[in-house]
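Right, one structure below, let's go through it.
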Amino acid sequence: MSATYTDLREKLQSLYRDSPKEVRKRKQPTSDTEEEEAASEPEEEEEARKVRSGIRQVRLFSPDECARIEAKIDEVVSRAEKGLYREHTVDRAPLRNKYFFGEGYTYGAQLQRRGPGQERLYPKGEVDEIPAWVNELVIRRLVEHRVIPEGFVNSAVINDYQPGGCIVSHVDPIHIFERPIVSVSFFSDSALCFGCKFQFKPIRVSEPVFFLPVQRGSVTVLSGYAADEITHCIRPQDIKERRAVVILRKTRTEAPRLEMKSLSSSYQPERLQGSNRQHILKPKRSHRKADPDAAHRPRILEMDKEENRRSVLLPKQRRRSHFSSENYWRRSHDYVDTYTETGEDDGSPVRKVKMRRH
């Protein structure tokens, strides 16, 4: 009988515990491997330096201030459970819930056309406005300490993680959001990792290029190389307790936006009243039981949808190699044949993207 796991952290630990021979082999590499590792060390150090240059971190919120904001986050969760938010405000997944305010955007299975760069903002009014407490308790403090300018934020997302949850390697869509990307952490300490590779079945996460501890009440600002040229993620082993992060961003004025007629949902908030509104705005729930291998995955791997945004169309006869999609866009000039663009009967090129769904 196969073992069962409550979350991904246990499964990651079991992989190393159950495979001592493999561990010993890694501890005793061949001379060729040692030479390759020695040669790559300067490159890794240089990349880590570039990542570090694009990160600003400051501790702004005291424990008392954190507790007050965390109570407000709990209120958001409660309102979502009661179905008091608009349909596209809440996005649920096992071990991770997202709450979009101000601006929301499509991704994964929500996309009409799958692939990098296909994300679209929802029409205005499709998600709820940024709560007053976010402006008063969070954004105002950031403006006062000159972390962001006045009027910068028009999109606020609350990611609420349970122990063992995570988000795979990704780059925030450059065609949707301006830089910097600002996040504020609550409930517990965690870490942000850069340049990790996620592998599934079995679940594995590679060592990061750069590991950034993130404390409760701290503000993390990403720009430059850290925001655009390398992926970031939250690993399951780094979420030991419940953790929430408030992500504050500004959408680009030229960011593509869905038209009302293209939405999968046909409801219009201004026409809803009384029981009709309550009926349509019910909480969104996953219809699939939590799976240790898939619990933390969004509808499409963000590493696929974000990092391949710079991919080029390849001839039909070229096939995808064994290279991982992780970090593909950063080295596309070296491995241009790692992805194949194959058409249907008409032979037209179509971007091939690895899909994973709930």
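Just so it is clear, glycine is given a Cβ too, placed from its N, Cα and C backbone atoms.
Note that this is a predicted model, so its numbers are computed, not measured.
Among the candidates R146, R243, the residue that Swiss-Prot names alongside N159, Y161, H170, H232 for the 2-oxoglutarate site is R243. Looking up C196 in Swiss-Prot gives a disulphide bond to a cysteine among C66, C233, identified as C233.
The Cα of Y161 (2-oxoglutarate binding site) lies closest to that of C233, out of the recorded positions Y105, C196, C233. H170 (2-oxoglutarate binding site) and C233 (disulfide bond) are 6 Å apart (CA-CA, integer value).
The two recorded residues, H170 (2-oxoglutarate binding site) and C196 (disulfide bond), show a Cα separation of 10 Å. Here N159 (2-oxoglutarate binding site) comes close to R96, N97, K98, I167, A244, V245, I247: these same-chain residues lie at least six apart in sequence, with C-beta atoms under 8 angstroms from its C-beta. Using Cα positions, the member of the recorded positions Y105, H232, R243 nearest to C196 (disulfide bond) is identified as H232. By a simple count of nearby Cβ atoms, those within 10 Å, the most crowded of the binding-site residues H170, H232, R243 is H232.
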